[in-house]
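Take a look at the structure set out below.
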Amino acid sequence: MSEEKSIERKDSVYEYSKEVQHIDNVRNINAKLANPLSGIPHDKLMANAAQFAEDHGLGHLKEEFKKGALVAQDPTAFESLPMLDDADRNVLRRELTHRWDQPWELYYLVILCSLAAAVQGMDESVINGANLFFAPQFGLDQKATDGSAGRNQWLLGLVNSAPYLCCGVVACWLTAPLNAYLGRRGTIFVTAFVSFASCIWQGVTNSWQHLFVARFVLGFGIGPKSATVPVYAAECAPPVIRGALVMMWQMWTAFGIMIGNVMDLAFYHVPDKPHIHGLNWRLMLGSAGVPALIIMSQVFFCPESPRWLMSKGRYDKAYESLLRLRHAPIQAARDLYYIHTLLETEKEITTGRNRFLELFTVPRNRRAALASTIVMFLQQFCGVNVIAYYSSNIFAEANFTEIQALLASWGFGMVNWLFAFPAVYTIDTFGRRNLLLTTFPLMAIFLLMTGFAFWIPEGKARLAVVALGIYLFGMAYSPGEGPVPFTYSAEAYPLYVRDIGMSLSTAVLCNFVVAITFPRLLGAFQPQGAFGWYAGWNIVGFFLILLFLPETKALSLEELDQVFSVPTRTHAAYQLKALPRNIKKYIFRMKVKDMPPLYEHEGAIGEKTYAPPGAGH
């Protein structure tokens, strides 16, 4: 909630609020991964850092690692460290006061990840306009009068959902082996190639069965890419702006959805050529492959993930990568040594068994898996992908013409993209949880508004309210449930199970279920019931977020181990107790006493408050 403060470490010990101690005997619960550098004498710490540099082929950088280790022990105490010179202090000072001042290579990496997200969005949305043309061409008329309408609705859903069936059953589970052998960059290259090839393949299909197979193969490009790109960005970004950079995945996915709608409009009037029937929808589907070629040509110019390199024992290359992603050697040395120390401590919680099993047998991992799966599930069942895949059909159901339906779909894509921009700031300030808790009730209201609009008699009033409801839904979705799920899932898991965890999170079959069922749901329940169904899931989502989703903003990936060490019952009980107070405070504007924070810690590399030398405290 909003009163939760930045989580700080306190020598492996949590001190919880007295108001929740009776629930689970939570006083002095041991969290395995508090900052292991806290309390180590400076002489010993510097000796350890020098030995680390020597052991990993970085002996010529002993002095840098000594300084880096001292800063990592207490990132806010650098002004008083005699080993640091003025240049070092200026770098660290500016890091705290100008968080967006980052090397251009970091932003280049983010741009590339954003382009990969745009490919993802185009893959999702070009089918939206193509539905209007290939369905009747391949005998899938949705309003057939011969009794086949129900069958055709299921088959249209099957064709649309084919990539996500592949993701859930096969493709996402390839993420871990692909990353293990090819690295983050190699995985992105391979999946971009698959996306390009399958998009072209879709454009030359001659039956719905053939199109289904081509789109199923497209899932091999979508699944591992969607699991890898957010992790790649999260592992390279500094903690204080990690949320904003990782959420670029969703922002530019929204941009890709909009561009997919643009392609639908651009090719709408393309006439057939001799021996080519349906050239317009074929060009729509093929267009999504073009940006994938750009990714393939650029990805290896970016630095590899330092954490992935460290997992392979290539510390020298990891340091070189960090040098490209940070302004100064002291930052690279600090981050490398701190990550290494925490990863070594992290090994203590592993059981040595199968990593997939450890997602559920290790409590810290299990809580991360639960939270990540919830947000990924809700991203599909909040209703947004119904609009992404079928908005043209929905607008047509409201008696828009085909071109009006495509224009209205483009408008949704534009709204979806533009309203993701505020989250660049709010995701690392307002926080992941608060964004979701604020927007889920709004999404439920706007979906009900859209569905109920179909009871308005046919005419301009119905068209206006349907479009307004869908656009307002996009405005609520884009800064909340849009950017949070992939950001949250990419940062929630510890490194040794991160690939497996992201595979689990992205393999949730909800996208497939939504895509395959909506045409039939629309036919059976009518628009009122279909939108009401997803509005109900948004209400459920509010309470799932409230009870089971810890805040993760502004902490290093390793520090989150302590957050997920808090028992689920403790977290849920605290949030239930805080809910009525927050309703009084933020809705009814009443003066209420704040609850004590659930987390307190010291000595971690997270969000810090910096005061220049001599400033008051």
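Sequential numbering from 1, following the chain as shown.
Glycine is treated like the rest: Cβ placed from N, Cα and C.
As written in TrEMBL, here are the features:
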DOMAIN    109-553  domain 'Major facilitator superfamily (MFS) profile'
TRANSMEM  154-174  transmembrane segment
TRANSMEM  186-204  transmembrane segment
TRANSMEM  249-267  transmembrane segment
TRANSMEM  279-301  transmembrane segment
TRANSMEM  368-391  transmembrane segment
TRANSMEM  403-423  transmembrane segment
TRANSMEM  435-456  transmembrane segment
TRANSMEM  463-480  transmembrane segment
TRANSMEM  500-518  transmembrane segment
TRANSMEM  530-549  transmembrane segment
Quiz item: Which residues of the same chain, at least 6 past either end of the transmembrane segment (403-423), have a Cβ under 8 Å from a Cβ in it?
Solution: 125, 128-129, 132, 244, 247, 250-251, 254-255, 257-262, 264-265, 268, 384, 387, 391-393, 395-396, 435, 467, 470-471, 474-475, 477-480, 482-483
Self-check item: In contact by Cβ distance (the transmembrane segment (530-549), the transmembrane segment (463-480); 3 or more pairs under 8 Å)
Solution: no
Quiz item: Do any residues of this chain, six or more beyond the ends of the transmembrane segment (530-549), have a C-beta under 8 angstroms from a C-beta of it, and if so which?
Solution: 370-371, 374-375, 378, 381-383, 386, 432-433, 436-437, 440-441, 443-445, 447-448, 450-451, 481, 488, 518, 521-522, 568, 571-572, 575-576, 579
Quiz item: So what's the mean pLDDT when you look at the domain 'Major facilitator superfamily (MFS) profile' (109-553)?
Solution: 85
Quiz item: Between the stretches 186-204, 249-267, 435-456, which wins on the count of C-beta pairs under 8 angstroms to the transmembrane segment (368-391)?
Solution: 435-456
